[in-house]
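A.B. asks: I'd like to ask some things about the structure below.
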Amino acid sequence: MGERLRLGVGIMGNASSLLLYAAPILTFSRVIRKRSTEDFSCIPYIGALLNCLLYTWYGLPVVSYKWENFPLVTINGLGIILELSFIFIYFWFASTRGKIKVGVITTPVILVSCIIAIISAFVFHDHHHRKAFVGTVGLVASVAMYCAPLVAVKQVILTKSVEFMPFYLSLASFLASVLWLAYGLLSHDLLLASPNLVGCPIGVLQLVLHCKYRKRGIMEEPSKWDLEQNSQEKPKQMQFVMNENINEKELKNTA
């Protein structure tokens with residue numbers, strides 16, 4: 001019963017993490033449409049990439065015992081593909097300064113992941129020590145991933161707008177934290193559970209900010225639309241007045 005419950009929670013954790021990793025699709029469809037990264041930050045996606053790389057390795061039989069953590073491999077393997085895609089799109093449409101920033105942060109992330117994989121495979125010779133080593137580094141990476149949205153949280157508080165902190169990303173982050181916390185506890189694996197003790201309150205904070213500022217964000221759009229509408233109607237009104245003046249002059253001349 002306990003194993004089935006753990007597997008069930010792992011499957012739900014996969015589903016919530018899929019939403020988390022796929023949520024930026026809406027953000028990047030906007031980036032592609034506007035051909036600009038605007039004020040979006042690349043840090044959350046690079047942090048998520050590091051997390052996916054480490055936990056994919058953690059779940060493989062090299063580190064874990066056989067396939068005990070198979071759910072980690074499936075979702076984080078997919079996460080690697082998605083995060084690399086988002087980072088590439090961000091890099092493509094970023095400014096020169098933004099491209100440099102992406103390269104400077106992403107390159108060390110990939111190098112660190114490779115070094116950790118090599119050390120865990122060749123320095124440690126049993127699953128227990130490999131899990132302890134990779135899990136500890138993964139713990140730091142997970143905390144960094146969950147803390148990365150604080151950059152967006154700061155911007156939300158300063159601008160009082162949730163435009164650059166997508167709701168679905170915040171909701172998926174909270175759900176993933178709760179479910180992986182449960183999975184880690186059911187697996188008696190504190191290295192899996194611990195990062196989510198940080199992720200849960202940060203997810204709650206993001207949802208609270210959405211509740212507080214989302215109405216303001218909705219109100220801003222109509223006013224912007226009204227301004228655009230007015231700017232389009234104004235030339236029409238001027239043209240109408242000019243036509244009236246011309247008609248009056250023609251009537252006087254005929255009289």
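A Cβ is built for glycine as well, from the same backbone N, Cα and C atoms used for every other residue.
Automatic, uncurated: that is what TrEMBL annotation is.
Sharing the record's features from TrEMBL:
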- 6-28: transmembrane segment (TRANSMEM)
- 40-58: transmembrane segment (TRANSMEM)
- 70-93: transmembrane segment (TRANSMEM)
- 105-125: transmembrane segment (TRANSMEM)
- 131-153: transmembrane segment (TRANSMEM)
- 165-186: transmembrane segment (TRANSMEM)
- 192-209: transmembrane segment (TRANSMEM)
A.B. asks: Other than its close neighbours in sequence, what residues sit by the transmembrane segment (70-93), given a CB gap under 8 Å and a spacing of at least six beyond its ends?
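C.D. replies: Those are 7, 10-11, 13-14, 17-18, 21-22, 24, 28, 31-32, 35-37, 40, 42, 45-46, 48-49, 51-53, 55-56, 58-60, 64, 99, 102-103, 106, 183, 192, in sequence order.
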A.B. asks: Please report, as numbers and ranges, the same-chain residues at least 6 past the borders of the transmembrane segment (40-58) whose CB is under 8 Å from any CB of it.
C.D. replies: 21, 24, 27, 31, 64, 69, 72-73, 76-77, 79-80, 83-84, 86-87, 90, 94, 98, 101-102, 105-106, 109-110, 112-113, 116-117, 120, 131, 134-135, 137-138, 141-142, 144-145, 148-149, 151-152, 164
